[in-house]
Amino acid sequence: MAVEDNKNSESKNHQEVELHRNDLGLEDSSSPRGVLGMVSDSDNSSSSCSSCSSDDKSSSTSSPFSNTTKTVSSSHHGLQWNKMIESIKKKSMRRFSVIPLLASYELTRKNLRRKQPKLTPSESAFTCEAFFMAKPSWRNFTYEELAVATDYFNPENMIGKGGHAEVYKGVLINGETVAIKKLMSHAKEEEERVSDFLSELGIIAHVNHPNAARLRGFSSDRGLHFVLEYAPYGSLASMLFGSEECLEWKIRYKVALGIADGLSYLHNACPRRIIHRDIKASNILLNHDYEAQISDFGLAKWLPENWPHHVVFPIEGTFGYLAPEYFMHGIVDEKIDVFAFGVLLLEIITSRRAVDTASRQSIVAWAKPFLEKNSMEDIVDPRLGNMFNPTEMQRVMLTASMCVHHIAAMRPDMTRLVQLLRGEDGPAELQQKAGERTMSVNACDLQDHTSSSYLNELRRHRQLLME
């Protein structure tokens, strides 16, 4: 009986570890959270899971973390990762707020229900060794290194703050200036914070493009930190809204092209099909040459090629940039990034915020009448005067108009939008209105995603925020 009880206990521990790993996407290559995609010995995967259990220390199978120090220069750093993974495993079981991806999501009750696809977990195991092999250029910093770099996180060195993190300017001991993103401990429970940290780190591991922020390293010592390449011109938001000087059109147009190239890469050319979910002016950094860099992958999701979209709850993102289908139904695919990109283009054209702080009016609602009339003089930032290229402005206006269409199917993909912005379709394309494009659209889309219903939902949500 004692032997049988012990086996039952081991089986239960194994199942708990499997559940936690699946929650974090560390085992499931088909899951939108399984972003690390590291190579490991599949034959040892089951024993690796067992050896991770705190109740199975006597197992003769070696832990998957046992060789960490061979890869990481400091055993202290490796132990930090071990403790972090163990802290997740020991937490009480709870599911993260991610609804499984659906093969096809109903927008109305009139549609027939479709079966949810079964997800098959892979046999690969997440290991610190495999993780560090993925990006050997990344440094694993100690807390003391980051504290010294930021004058112990002096508030004067804070260059940004969000709901879940603070960003500090720092200077490393080698003289390199970096931006240090410090995840706030009070924002989320420890289990969820660590999960989000690993998920974001895993997504960044697959990103390598000039128009994406570059990670220098990270730290799990006394908190969770990302160390990023410093952008001397700050964010696009600070240049558009926080400066008295007018950002010249040449730079604005270059930034628009850079963001488009970066998003096209994430959606089409990246090893993983990545949906950013939080494209906004404050998440676009500008390097020394005003090259746009997409940053903050904290809300990003990746989708396998054969899955049309993902459905999430609760809805996360920034009010004013949320696409109707995401805001109203939780649908996540490339088209929600396209919508947010359209809002961003309107901000670049007008220097108005996504939501006006005084009137609380959406820039989309404000700009649509001018876009429909092609009224350039009414929509362009008056500070620009006539100091812009009319053809380029026309391209950006047309692109923005297509991006913010309330029906997702009517929005072009980023590959197409890059062509439009660069004028690769010829001048005739610029004369074509977004509404003139012929495209098959399901009737339920037209019913559920009318402009009026979306605006009503926006007003309702805005009212809730103000209460």
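Backbone N, Cα and C define each Cβ position, glycine as well.
Marked as region 'Disordered' by Swiss-Prot: 1-73.
Annotation comment: Swiss-Prot describes 1-24 as compositional bias 'Basic and acidic residues'.
The compositional bias 'Low complexity' annotation in Swiss-Prot covers 40-71.
Summarising the annotation, Swiss-Prot assigns phosphothreonine to Thr142 (among others) and lists similarity to another entry as the type of evidence. Residue density at Thr142 (phosphothreonine): 16 other Cβ atoms are found within 10 A of its Cβ, drawing on all protein chains shown.
The annotation domain 'Protein kinase' is assigned in Swiss-Prot to 153-430 on the grounds of sequence analysis.
With a 10 A radius on its CB, Ala165 (ATP binding site) counts 19 other CB atoms from all the protein chains. Annotated ATP binding site per Swiss-Prot: Ile159, Gly160, Lys161, Gly162, Gly163, His164, Ala165, Glu166, Val167, Lys181, in sequence order.
Classification of Asp278 (active site, proton acceptor) by DSSP places it in coil, neither helical nor stranded. Packing around Asp278 (active site, proton acceptor) is summarised by its Cβ count: 22 other Cβ atoms lie within 10 angstroms of its Cβ, all protein chains included. Residues annotated as active site, proton acceptor in Swiss-Prot: Asp278.
Applying an 8 A CB threshold to same-chain residues 6+ apart, the list for Ser282 (phosphoserine) reads Gly160, Ser235, Leu236, Ala237, Ser238. Summarising the annotation, Swiss-Prot assigns phosphoserine to Ser282 and lists similarity to another entry as the type of evidence.
As annotated by Swiss-Prot, phosphothreonine applies to Thr318 (among others). Every protein chain shown contributes to the tally, and the Cβ of Thr318 (phosphothreonine) ends up with 20 other Cβ atoms within 10 Å.
Non-local contacts of Tyr326 (phosphotyrosine) by the CB criterion (under 8 A, 6+ apart in sequence, same chain) comprise Ile315, Gly317, Val332, Ile336, Phe339. The feature phosphotyrosine is assigned by Swiss-Prot to Tyr326.
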Local confidence of the prediction over the domain 'Protein kinase' (153-430), expressed as mean pLDDT: 93
Among Ile159, Gly160, Lys161, Gly162, Gly163, His164, Ala165, Glu166, Val167, Lys181, the record's ATP binders - longest CA distance, Å: 14
Among Ile159, Val167 [binding-site residues], residue with fewest other Cβ within 10 Å: Ile159
DSSP-derived structure type at Tyr326 (phosphotyrosine), helix or strand or else coil: helix
